[in-house]
Each structure stands twice: as C-alpha cells, then as structure tokens.
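Trainee: To start, I am sharing the structure in question, which I have written as structure tokens.
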Amino acid sequence: MSGTLVLVRHGQSDWNLKNLFTGWKDPDLTALGIEEANAGGKALAEYGIKFDIAYTSVLVRAQHTLKLILDKVGQPDLPTIRDQALNERDYGDLSGLNKDDARAKWGEEQVHIWRRSYDVPPPGGESLRDTGARVWPYYLTEILPRVLRGEKVLVAAHGNSLRSLVMVLDKLTKEGVLALNLATGVPMVYKLKADSTVASKEVLGDMSGAH
C-alpha cells in the first residue's frame, strides 16, 4: 500500500516581510511566520498523521518551520534529511534586492519576466524550470521510494521548489504552475497510488492567502 506525502511551504520570513528577493539567502521566520508554521502543525496534529521521516532544505526558514510542525505533531525527534536540492529557487543577482528597487534598475517588464516566466532565469540565477531540474530527480530517487513503501513523508521547503513538485503531481501545464501560489504554512496531503500518481489531495487550510 502506498503512503502519504505532505508538502508545506515555510512560514513568512523576514525578507518576505521586507519585500526582498530571498532565494538562497538565509533569513529566519517572522513572528507571523512562526504562527503560520504552528498553525500548519496544529492542522496536521488534528488530521492525526504520524510521520516516518521528514525532508527539508539547508535554509533556516524551512528548517525552523519543520521544527515547529514536528513539535506540534509530537514528533520533535523525527529523523530529518536536509538537502540543498530542496532549496528555494536561486534568484542570482536579484537576491537581497528589494523588488521595487529591482524594477527601478531593470524595468518592471523584465523583472516580471524573471519572476513569472517558466524558463527565463535572472542573471546568475535559476528559472522555475532550472529549479525543477534539481528538485524532481531528488524526489524520484530519495522521497518517492519511501512513499511507495508505505511511509508517511513530510517535506518542509519553499514556494518554488514545492511548485516544481506540485506541477508534476497535479499535472499542471507551464501556464498552470506559473499561476499557482502556495500559502505559507498550509499543509498539502497527497495519497499516492502504487504507480506514483495521485490518488487524493487534501489541503489543510486556506490557500487564498497565498503570495
């Protein structure tokens, strides 16, 4: 019997609040981000799931989110694997810049293309396609085999690394994934079939606040 895959985007970070491109930079959660992570953990506790293993990125905002969730579900010592394959999209030269300042420097249209096109990367950075090119193989080799063995796996990561996974799981087109926004701290619970396709998906919270 196939297992369960739960995906959670980290809570709001300091740089989300300051409207900065974050990428592989490493700010922590805001007070609101901590609340969001705790709410996600509470939702999972009420759902009644117990995990076998967790995965997260090497960035503190995702790791902090995971810790708060695991505390809420009563599994603070759950085995956890941290890998940069699950890191946020690398924004390259945009990293650390205020989004309005970036628009002033490169023009609103160009920055919009970098942010919202599927395959055009910012200078020195990754496109969404590039992000998926490292996330998806990691999922196939490290995470999916555990789910197919019947394990319950939690992944706490980032907006774009998770969008790369959801694109394939939900069979979204390029246009569909570009329109997809994942709310911070809201768990998505996937039950997978033996052939690795999705049997069911349940969202434990409100995705309308996604950004």
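Placed from the backbone N, Cα and C atoms, the Cβ positions cover glycine too.
Keep in mind it's a predicted model, so treat the numbers as computed, not measured.
Feature table excerpt (Swiss-Prot):
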type: ACT_SITE; residues: HIS10; note: active site, tele-phosphohistidine intermediate
type: ACT_SITE; residues: GLU88; note: active site, proton donor/acceptor
type: BINDING; residues: 9-16, 22-23, ARG61, 88-91, LYS99, 115-116, 159-160; note: substrate binding site
type: SITE; residues: HIS158; note: site 'Transition state stabilizer'
Trainee: Measuring CB to CB from HIS158 (site 'Transition state stabilizer'), give everything in the same chain under 8 Å that is also at least six residues away in sequence.
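Mentor: Once residues fewer than 6 apart are set aside, HIS158 (site 'Transition state stabilizer') is near ARG9, HIS10, SER57, LEU59, ARG61, ALA62, LEU86, ASN87, GLU88, ARG89.
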Trainee: Under a three-state reading of DSSP, tell me whether ARG89 (substrate binding site) is helix, strand or coil.
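Mentor: The three-state answer is coil.
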Trainee: At a 10 Å cut-off from the C-beta of ARG89 (substrate binding site), count the other C-beta atoms across all protein chains.
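Mentor: 27, counting other Cβ atoms within 10 Å of ARG89 (substrate binding site).
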Trainee: Going by DSSP, is GLY23 (substrate binding site) part of a helix, a strand, or coil?
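Mentor: Going by the DSSP assignment, GLY23 (substrate binding site) belongs to neither helix nor strand, so it counts as coil.
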Trainee: Which ones in the same chain are close to GLY23 (substrate binding site), with CB under 8 Å and 6+ residues apart in sequence?
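Mentor: For GLY23 (substrate binding site), the qualifying residues are GLU88, ARG89, ASP90, TYR91, GLY92, LEU94, SER95, GLY125.
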Trainee: Neighbour count, 10 Å Cβ-Cβ cut-off, for ARG9 (substrate binding site): what number do you get?
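Mentor: Its Cβ shell of radius 10 Å holds 30 other Cβ atoms.
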Trainee: Per DSSP, to which secondary structure element type does ARG9 (substrate binding site) belong, with helix, strand and coil as the options?
Mentor: strand
